[in-house]
Amino acid sequence: MEEAVLLNQTSLVTYFWLRGLSVNQKAQIAMFSMFLIFYVLTLIGNILIVITIIYDHQLHTPMYFFLSNLSFIDVCHSTVTVPKMLKDTWSEEKLISFDACVTQMFFLHLFACTEIFLLTVMAYDRYVAICKPLQYMIVMNWKVCMLLAVALWTGGTIHSIALTSLTIKLPYCGPDEIDNFFCDVPQVIKLACTDTHVIEILIVSNSGLISVVCFVVLVVSYAVILVSLRQQISKGRRKALSTCAAHLTVVTLFLGHCIFIYSRPSTSLPEDKVVSVFFTAVTPLLNPIIYTLRNEEMKSAFNKLVGRKERREEK
């Protein structure tokens with residue numbers, strides 16, 4: 001106890017060094033260009049989805065309400081890490097203050113956990129729509145949708161506060177180098193000047209358990225949906241399969257990272273950075289592509305939105 005107090009009192013770390021993705025200058029320039037394009041497209045794609053859903057009253061349904069939440073989360077999730085990464089590609093000293101690091105971890109886990117819960121809710125929404133279509137508007141009424149939205153955001157906030165609190169209570173007096181391009185709990189706690197075995201177990205049992213349980217629930221939900229689709233007519237089956245395939249793609253990409261990173265002890269692997277890139281930069285970009293290119297209703301609504309703007313400009 002006295003040792004922990006002493007370490008806290010003599011904590012020297014006020015900044016962390018981020019190694020980034022590469023030390024090669026040419027590689028950094030190439031990555032800057034690529035991730036800048038990814039980030040801009042992520043913003044444009046997801047913001048367009050939100051605007052289109054708000055604009056078109058035919059899309060004011062539970063499915064698109066949750067989809068607009070997903071797009072909003074993807075914009076926020078990407079913004080937590082990518083702008084800092086882009087800035088650091090031009091900096092020799094990739095520094096981040098302790099407070100900024102904690103803030104980044106908090107919002108990273110807030111949006112990530114909220115998205116996991118949201119994907120689970122979206123799977124339940126599709127299950128009701130496909131397996132119990134006559135009861136859909138009764139089960140998924142707007143009151144239920146709003147309650148689910150509040151619940152998933154509340155759950156994400158509680159999860160993020162819990163993990164961040166565990167991290168900032170540890171003493172940090174060196175080393176101060178994070179082997180990644182952003183701050184995340186597993187990499188940061190390895191730098192603590194104390195035994196973190198118990199904290200690592202708590203992280204695995206928290207983040208890892210949430211990821212695995214939600215993944216199992218999602219797989220079971222879609223398995224039930226696919227079995228139910230056998231009894232439907234071919235046109236309805238194709239549309240439902242298209243929607244489910246889009247959801248499964250997002251789930252696999254997103255939850256695959258969470259299970260890989262948070263379901264094992266805090267040990268660095270060469271694949272960690274690659275997986276983190278997909279988690280923070282690629283997946284938020286793929287979501288609007290997957291949900292719009294495979295969705296006729298979204299494409300029709302977007303065309304109407306563009307058509308009306310063109311008519312206004314002509315006038």
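Every residue, even glycine, has its Cβ placed from backbone N, Cα and C.
Unlike curated entries, TrEMBL annotations are predicted automatically.
Packing against the transmembrane segment (29-55) from elsewhere in the chain are residues 21-22, 64-65, 67-68, 71-72, 74-75, 78, 82-83, 85-86, 89-90, 281-282, 284-285, 287-289, 291-292, 298, 301-302, 305: each is 6 or more residues past its ends and has a CB under 8 Å from a CB in it. Marked as transmembrane segment by TrEMBL: 29-55 (among others).
The domain 'G-protein coupled receptors family 1 profile' feature in TrEMBL is assigned to 45-291.
Residues 63, 66-67, 69-70, 73-74, 76-77, 80-81, 148, 151-153, 155-157, 159-161, 163-164, 182-185, 207, 210-211, 214, 217-218, 221-222, 247, 250-251, 254-255, 258, 279 of the same chain lie 6+ residues outside the transmembrane segment (106-124) yet bring a C-beta within less than 8 angstroms of a C-beta in it. Look at TrEMBL and you will find 106-124 (among others) tagged as transmembrane segment.
The annotation transmembrane segment is assigned in TrEMBL to 144-162 (among others).
Beyond its flanks by at least six residues, the transmembrane segment (209-229) meets 113, 116-117, 119-120, 123-124, 126-127, 130-131, 159, 237, 240-241, 244, 247-248, 251, 255, 258-259, 262-263 of its own chain at Cβ-Cβ distances under 8 Å. Here TrEMBL flags 209-229 (among others) as transmembrane segment.
According to TrEMBL, the transmembrane segment annotation covers 241-262 (among others). Panel annotation: around the transmembrane segment (241-262), residues 112, 115-116, 119, 122-123, 126, 130, 184, 186, 203-204, 207-208, 210-212, 214-215, 218, 222, 225-226, 229, 271-272, 275-276, 278-279, 282-283, 286-287, 290-291, 294-295 of the same chain, lying at least six beyond its termini, place a Cβ under 8 Å from a Cβ of the stretch.
Annotation source TrEMBL lists transmembrane segment at 274-293 (among others). Long-range neighbours of the transmembrane segment (274-293) within the same chain, counting only residues 6 or more positions beyond its ends whose Cβ lies under 8 Å from a Cβ of the stretch, are 21, 35, 38-39, 41-42, 45-46, 48-49, 67, 70-71, 74-75, 77-78, 80-82, 85, 112, 180-182, 184, 246, 249-250, 253-254, 256-258, 260-261, 299, 302.
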